[in-house]
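Student: Per TrEMBL, the feature domain 'Myosin motor' maps to 17-512, 513-581. Annotation comment: TrEMBL describes Gly110, Glu111, Ser112, Gly113, Ala114, Gly115, Lys116, Thr117 as ATP binding site. The region 'Actin-binding' annotation in TrEMBL covers 515-537.
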Amino acid sequence: MGSKERYHWQSHNVKQSGVDDMVLLSKITEEAIVENLKKRYLDDYIFTYIGTVLISVNPFKQMPYFTDREVEIYQGAAQYENPPHIYALTDSMYRNMLIDAENQCVIISGESGAGKTVAAKYIMGYISKVSGGGAKVQHVKDIILQSNPLLEAFGNAKTVRNNNSSRFGKYVEIQFSRGGEPDGGKISNFLLEKSRVVSQNENERNFHIYYQLLEGASPEQIDNLGIADPTYYFYLNQSGTYKVDGTDDKKEFKETMNAMQVIGISANVQMMVLQIVAGILHLGNINFVEVGNYAEVENEAHLAFPAFLIGIDQMKLREKVTSRKMDSKWGGKTESINMTLNVQQAGYTRDALAKALYARVFDYLVDAVNKAMQKPHEEYSVGVLDIYGFEIFRKNGFEQFCINFVNEKLQQIFIQLTLKAEQEEYVQEGIKWTAIEYFNNKVVCDLIENKVNPPGIMSVLDDVCATMHATGEGADSTLLQKLQAAVGCHDHFNSWNQGFIIHHYAGKVSYDKQANDLVSRLMKCTPHYIRCIKPNETKRPKDWEESRAKHQVEYLGLKENIRVRRAGFAYRRAFPKFIQR
């Protein structure tokens, strides 16, 4: 401990690279911010502060400063005693929870591939190392850490922008005793990208678990689950991509199965999970032909295996994918009618079944993790929000719309609490203050979620879904017409012949409702922020694309953030807390 107390990084010939806290920049311009981040990134310093906000640039390689030595150095140290680090932010969050007796949360934001998920892992790893505790606490720590490989296998995938992209959002609450020992936890999952189960863009993959299973299955599993080459399965062969550089699917399959074991999922249930996963693959190979305007299964043999794996009767499966039951109400009576589907509708029904099965397996796994670490009553908690980043694809569907909306809401929280609330605080205190202008994206959130006057996009969508449920044709054009009527003159909305464009805070994207619940939970905690930046599209270390970095610096509002911090007070604390401390 003695050596730790004497340690100060500036006295140990640590190379100074730019400024550690961008509040100290001599010029506050976007160019100066980008230049400082670039200088530090090329010198292998990926972390930089703006006051208490941490900026993290993805290095695309393993950095050497995440060892036990760093854990010891940052434990209990003040923020400026050591170089900027995610451990410093995590330590501050943990100590504040204990000192102020308040729940904390960290909001990790940034676009796809900026390093959010890795940041979340470092936070959980640090808390696990510094928080002590006996056998029960160690068991909870093991579950929290093992939930990562398990949920990544079922919820992450290779996209064009990121080889290990989270295709779901998660809010991990680590619950603590009053003594600061992690003795429970809860994971909430949001917006799983179910459409990936049935189709992927070019150069992308389905969820990792499929390739892990195909590579890592034992001979017995290969027989029992009907495992074949990935090119055989329609749900895997559409993108033409099966391997990911630097990923060992066989090894990761072992880690996934081990994680299930640690969490307490029995061998019997593990097998059932794999059966459903394999059953979905076989379900995708059921094709349809048109016979007298109606769909029939092209090859009856393709029904047997998915029916066996999912545990349902083969004829029942055929009936469910080629027809649907509709309830007709007339004169107080309800009558059930079986409607035969056409080929297109049958394909949609098969895919809907596959997506629903996969989502239920995913929810089951999250539930299993939660049951393994639940505690009867909550005391303190630290929440870590890792939600998939803002993204723009060539083809953006409803799921991208929801993801980008949640990111828009998170940006709104950041603006509300770091740019708006602090300035209002100074005005209320009677301090002479010159207002600092910034773009408040509430206008974009309202465009999406307004209920009335004018109705937002979600309300219009609800209305179209309610009135167009019986037909597939014309729904898109009806939606566009109604959107044009409701929000056509909004500054942040444009329509075009095949869709619509929203001018998000991070750029223009052409294109639930869980978002507001998440926001209200975050607002009950003391928030901390990590803003992740993706320096390039090549995913290579030491590669810096100036225009990409500048764009992110602009839309994350870093310049405005620095200006408010510089003009404001370095230390602000509510009077009762100040007295207590």
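FYI, residue positions are counted from 1 along the chain as it appears here.
Positions of Cβ are set from backbone N, Cα and C atoms, glycine also.
Please go over these features one by one and say how buried each is and what sits next to it.
Tutor: Its Cβ taken as reference, Gly110 (ATP binding site) is surrounded by 24 other Cβ atoms within 10 Å in the chains shown.
Note on the domain 'Myosin motor' (513-581): its mean pLDDT in the predicted model is 85.
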Student: For Ala114 (ATP binding site), just count the other CB atoms lying within 10 A of its CB, please.
Tutor: 25
Student: Looking only at the domain 'Myosin motor' (513-581), what are its DSSP counts of helix, strand and coil residues?
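Tutor: For the domain 'Myosin motor' (513-581), the helix, strand and coil counts are 34 helix, 8 strand, 27 coil.
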Student: In the same chain, who gets a Cβ under 8 Å from the region 'Actin-binding' (515-537) while lying at least 6 residues past its ends?
Tutor: 37, 41, 52-58, 60, 86, 89, 92-93, 96, 100, 102-116, 119, 161, 169, 171, 188, 190, 381, 383, 385, 389, 402, 405-406, 409-410, 413-414, 417-418, 449, 543-545, 548-549, 552-553, 556, 558
Student: Counting across all protein chains shown, how many other Cβ atoms sit within 10 Å of the Cβ of Glu111 (ATP binding site)?
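Tutor: The Cβ of Glu111 (ATP binding site) has 24 Cβ neighbours within 10 Å.
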